[in-house]
Amino acid sequence: MATANKNLSHYDKDQLPDATDMEIGIVVSEWNDAITEGLYQGALATLLECGVKETRITRWNVPGSFELTFGCKKMIEEVGPDAVIAIGSVIRGETKHFDFVCSATAQGIKDLNVLTDTPVIFCVLTDDTLQQAKDRSGGKHGNKGTEAAIAAIKMACLGT
Ligand SMILES: Nc1c(NC[C@H](O)[C@H](O)[C@H](O)CO)[nH]c(=O)[nH]c1=O
Ligand SMILES: CC(=O)[C@@H](O)COP(=O)(O)O
């Protein structure tokens, strides 16, 4: 289902696991920060609404989405959260750089999910236009940050 047919911010809090004792890490890319800040605010608000304590949410910034993999890896090693949310916004430019950044970031985050025992949530928008990014970070299609926070809560206690 395309995002255009689904509100990214829709969820039923009563259907979620108890998140009151969870430790959540959030690594935020500074590229397109107007977008990534919107994603971060969506994720933060949802985590707090679902009972995660603000003192147990750790935020680190990295320069761009390509650095999210290293930032999440370092967060896992040094903080040891129950889950990490990787937040980025990649917007297509004139060259193929978009394709390489998106692919490397997605593969790197996938690799962390395979190689570590900590779930890393892919909250990276990969848009052709700024408007598409705005629509998915608190706009008409909701906020992928909300979706990512819900995924983090669910994955943090998977199998327990
Ligand atoms: N163009 C975008 C980038 N580019 C920067 C890379 O992510 C990386 O920081 C650089 O190549 C140095 O390693 N990053 C984004 O997050 N979004 C973009 O639109
Ligand atoms: C995703 C990017 O790296 C891109 O925004 C850079 O723009 P350009 O391809 O015009 O150099």
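Backbone N, Cα and C atoms are what each Cβ position is placed from, and that goes for glycine too.
Over in TrEMBL, the protein carries these features:
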ACT_SITE  H97  active site, proton donor
BINDING   W31, S65, F66, E67, S89, V90, I91, F122  5-amino-6-(D-ribitylamino)uracil binding site
BINDING   E94, T95, R136  (2S)-2-hydroxy-3-oxobutyl phosphate binding site
DSSP three-state assignment for E67 (5-amino-6-(D-ribitylamino)uracil binding site): helix
Where the C-beta lies under 6 angstroms from ligand 2, the matching binding-site residues among W31, F66, E67, E94, F122, R136: E94
Local backbone state of I91 (5-amino-6-(D-ribitylamino)uracil binding site), from DSSP in three classes: strand
Candidate binding-site residues E67, S89, F122, pick with smallest Cα gap to T95 ((2S)-2-hydroxy-3-oxobutyl phosphate binding site): S89
Binding-site residues whose CB lies under 6 angstroms from ligand 1, from S65, V90, I91, T95: S65, V90, I91
Three-state secondary structure, F122 (5-amino-6-(D-ribitylamino)uracil binding site) (per DSSP): strand
Residue among the binding-site residues E67, E94 whose Cβ has the most other Cβ atoms within 10 Å: E67
Reduced DSSP assignment, R136 ((2S)-2-hydroxy-3-oxobutyl phosphate binding site): coil
Rounded distance in angstrom between the Cα atoms of F66 (5-amino-6-(D-ribitylamino)uracil binding site) and R136 ((2S)-2-hydroxy-3-oxobutyl phosphate binding site): 20
S65 (5-amino-6-(D-ribitylamino)uracil binding site) to R136 ((2S)-2-hydroxy-3-oxobutyl phosphate binding site) - Cα separation in whole Å: 17
Neighbour-count leader, CB within 10 A, recorded positions: H97, R136: R136
Spatial neighbours of F122 (5-amino-6-(D-ribitylamino)uracil binding site) that are distant in sequence (at least 6 apart) but have CB under 8 A: A86, A106, I109, K110, A148
